[in-house]
Number of protein chains: 2
Amino acid sequence: MSLRPPEPTVRDVGEFGLIAAITEGLGPTASVPVSVGDDCAVLAPTGRLAVSTDAMIEDVHFKRVWSSAHDVGRKAVASAMADVEAMGARPLGLVVSASLPKDLPASWARELTAGIRAEAELCGAQLVGGDITSGDKIGIVCTVFGDLEGRTPTLRCGAVPGQVVAYIGNLGMAEAGLTVLRRGFRSPAAVVNAHRVPAPPYGQGIVASEAGAGAMIDCSDGLVADLRHIAEASGVVIALETDALQVAEPQKTVAAAIGGAEPLDFILRGGDDHALLATFAPGRVPAGWTVIGGVAAADGTPGVLVDGRPWDADGGWTHF
Amino acid sequence: MSLRPPEPTVRDVGEFGLIAAITEGLGPTASVPVSVGDDCAVLAPTGRLAVSTDAMIEDVHFKRVWSSAHDVGRKAVASAMADVEAMGARPLGLVVSASLPKDLPASWARELTAGIRAEAELCGAQLVGGDITSGDKIGIVCTVFGDLEGRTPTLRCGAVPGQVVAYIGNLGMAEAGLTVLRRGFRSPAAVVNAHRVPAPPYGQGIVASEAGAGAMIDCSDGLVADLRHIAEASGVVIALETDALQVAEPQKTVAAAIGGAEPLDFILRGGDDHALLATFAPGRVPAGWTVIGGVAAADGTPGVLVDGRPWDADGGWTHF
């Protein structure tokens with residue numbers, strides 16, 4: 001029998017040790033003239049500032065048995081920063097408040113930090129501050145900042161009849177991944193990884209804004225649910241054509257494996273991939289975006305039609 | 001025996017019901033052109049933006065048996081916004097992420113919100129966004145924003161030998177309050193209320209900045225501990241003179257009641273009142289601020305002297 005020394009925990013390393021590791025090498029830049037280490041950070045955006053906050057809680061939004069600490073850090077940043085993209089803003093910075101159990105391995109906390117910083121770097125944002133407390137479960141609150149750089153923010157309420165609806169990014173991949181993980185499987189890798197680390201189409205929010213997008217949102221509640229947010233805010237009907245939606249091979253695999261489910265359902269109901277959904281004047285859809293429907297005047301209640309049929313609030317077709 | 005209907009819980013009201021109550025009446029203003037309800041809020045500060053985040057966790061930072069929900073909401077905002085004051089910025093806005101147990105009475109959540117909005121109004125900031133999740137314990141993360149309005153931020157590193165050290169606000173009141181609450185008492189009211197709702201001296205951060213403050217910090221870790229942060233960041237020695245510190249009557253009462261404690265200790269060790277501490281050129285101390293010491297060159301290690309004697313890292317005098 002061999003005895004391994006116990007792995008150091010968050011309690012062993014302490015708040016100040018963790019903060020030192022997290023903030024190592026973070027310094028001032030042109031857009032962050034005061035970085036970590038004072039009472040506040042100071043941001044110097046060139047335009048107005050887009051701000052959003054998003055919490056990710058263990059066993060609600062992720063499980064430690066399904067995702068690595070690095071995955072969790074990346075997902076926390078990605079899912080929050082997708083909101084910045086959806087305004088047409090450029091990711092600038094973020095602050096993170098983490099609640100960590102005292103007996104959490106210190107290595108887990110360090111990997112979480114590495115994931116946070118990796119995703120921040122990927123989207124071009126700087127970690128500018130944070131807070132660590134102890135808690136029974138892991139909780140990560142990311143508050144993210146984006147520079148509008150003089151652009152007008154693209155809101156949910158700007159969809160106009162006659163525009164087309166388009167998306168860029170993944171749809172229903174994370175949902176298919178969550179489905180297999182819940183059943184105890186770890187493949188197909190493409191969908192499982194999509195659950196672990198979403199891949200928002202960074203930079204495309206600005207592209208959409210510059211193409212004159214009417215309304216924009218990131219897809220986090222589900223494709224139909226998020227299109228409904230646009231429809232209701234804009235007072236229009238959005239007609240979604242499922243022919244335009246491409247079901248991916250691994251989604252078909254998962255649907256078949258779980259017993260004849262409809263793979264399109266992952267796409268229509270699934271959120272958490274943080275694709276961008278936007279409306280454009282016909283002919284002004286940017287390269288790489290896929291048109292999936294159109295905007296019509298609301299003759300009564302605003303909402304979403306799927307292949308011409310109403311879709312109810314539970315995310316399914318209305319049965320009448 | 002009378003049966004009262006069970007009080008509705010957070011679970012009964014649901015996330016969207018809570019959010020509707022929280023955001024009621026919040027709309028766009030000149031400095032917040034996009035308020036709650038879209039992917040992001042949009043802030044339009046006139047200068048650079050000071051940003052800080054602060055978490056408050058049940059049974060770590062407050063207890064439900066000691067503080068009302070309204071108190072907790074006010075404290076969460078006040079303790080975070082004090083960091084904005086300490087930069088010389090004007091409170092502009094905040095986002096709040098709340099983790100709430102599902103069986104929490106909905107009335108508690110509403111009172112929490114009322115407290116958050118009351119304190120925000122007191123300091124002139126707007127609630128611009130948030131997030132609600134469920135959790136075992138109540139956790140409130142406030143991320144706060146301040147407008148520097150063209151002023152240079154006042155950092156911790158700007159103390160210069162020859163300056164004086166001054167403060168404004170309460171010192172050691174919350175600590176005395178916590179002491180009696182821990183022993184099961186609920187009075188004196190002045191100190192117990194100071195624990196429940198700190199009273200940062202709103203507006204005085206700008207006053208200090210305009211008076212040319214060298215360094216500034218809000219007192220949250222303790223008077224000596226926070227002066228040490230300034231001393232170390234600035235590479236100076238801060239000499240604190242306890243004669244200048246006024247012990248309040250209720251602090252004397254508490255010290256006597258708990259058996260001959262030194263009431264000055266509440267002031268030297270206590271944080272959580274969020275007084276402002278700053279250094280000024282002699283003769284430039286703003287009205288209302290109290291001089292409590294001076295800044296000297298560090299002849300060796302930067303740090304804090306209390307009445308000419310070194311004070312060790314545990315917050316007590318070094319015994320040698």
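Each residue, glycine too, has its Cβ placed from N, Cα and C.
TrEMBL: automatically predicted annotations, no manual curation.
As given in TrEMBL:
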type	residues	note
DOMAIN	B:37-146	domain 'PurM-like N-terminal'
BINDING	B:Asp39, B:Ser52, B:Asp83	Mg(2+) 4 binding site
BINDING	B:Asp39, B:Asp83, B:Asp218	Mg(2+) 3 binding site
BINDING	B:Thr53, B:Asp54, B:Asp131	Mg(2+) 1 binding site
BINDING	B:Asp54, B:Asp83	Mg(2+) 2 binding site
BINDING	B:His61, B:Asp272, B:Trp317	substrate binding site
BINDING	B:Gly130, B:Asp131, B:Arg156, B:Ser220	ATP binding site
BINDING	B:Asp221	Mg(2+) 5 binding site
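It is 28 Å from the Cα atom of B:Asp131 (Mg(2+) 1 binding site) to that of the residue listed as 'Mg(2+) 5 binding site'. Using a Cβ-Cβ cut-off of under 8 Å to chain A, the binding-site residues B:Ser52, B:Arg156, B:Ser220, B:Asp221, B:Asp272 reduce to B:Ser52, B:Arg156. Counting every protein chain shown, the number of other Cβ atoms lying within 10 Å of the Cβ of B:Asp131 (Mg(2+) 1 binding site) is 21.
Contacts of B:Arg156 (ATP binding site) defined by a Cβ separation under 8 A and a same-chain sequence distance of 6+ are given as B:Ala215, B:Met216, B:Ile217, B:His229, B:Ile230, B:Ala233, B:Ser234, in order along the sequence. The binding-site residues shown are B:Asp54, B:His61, B:Gly130, B:Asp218, B:Asp272; of these, the one with its CA atom nearest the CA of B:Asp83 (Mg(2+) 4 binding site) is B:Asp218. Take the Cα of B:Gly130 (ATP binding site) and measure to each of the binding-site residues B:Ser52, B:Thr53, B:His61, B:Asp221: the nearest one is B:Thr53.
Candidates B:Asp39, B:His61, B:Asp272 (binding-site residues) were compared with B:Ser220 (ATP binding site); those inside 10 Å Cα-Cα are B:Asp272. Closest to B:Ser52 (Mg(2+) 4 binding site) by Cα-Cα distance, out of the binding-site residues B:His61, B:Asp218, B:Asp221, B:Asp272, is B:Asp218.
B:Asp54 (Mg(2+) 1 binding site) sits 11 Å from B:His61 (substrate binding site), taking the C-alpha atoms as the reference points. You'll find the Cα of B:His61 (substrate binding site) roughly 13 Å from the Cα of the residue listed as 'Mg(2+) 5 binding site'. The Cβ of B:Asp39 (Mg(2+) 4 binding site) lies under 8 Å from the Cβ of no residue that is in the same chain and 6 or more residues away along the sequence.
Around the Cβ of B:Asp218 (Mg(2+) 3 binding site), 28 further Cβ atoms fall within 10 Å across all displayed protein chains. Regional average pLDDT for the domain 'PurM-like N-terminal' (B:37-146) in the model is 95.
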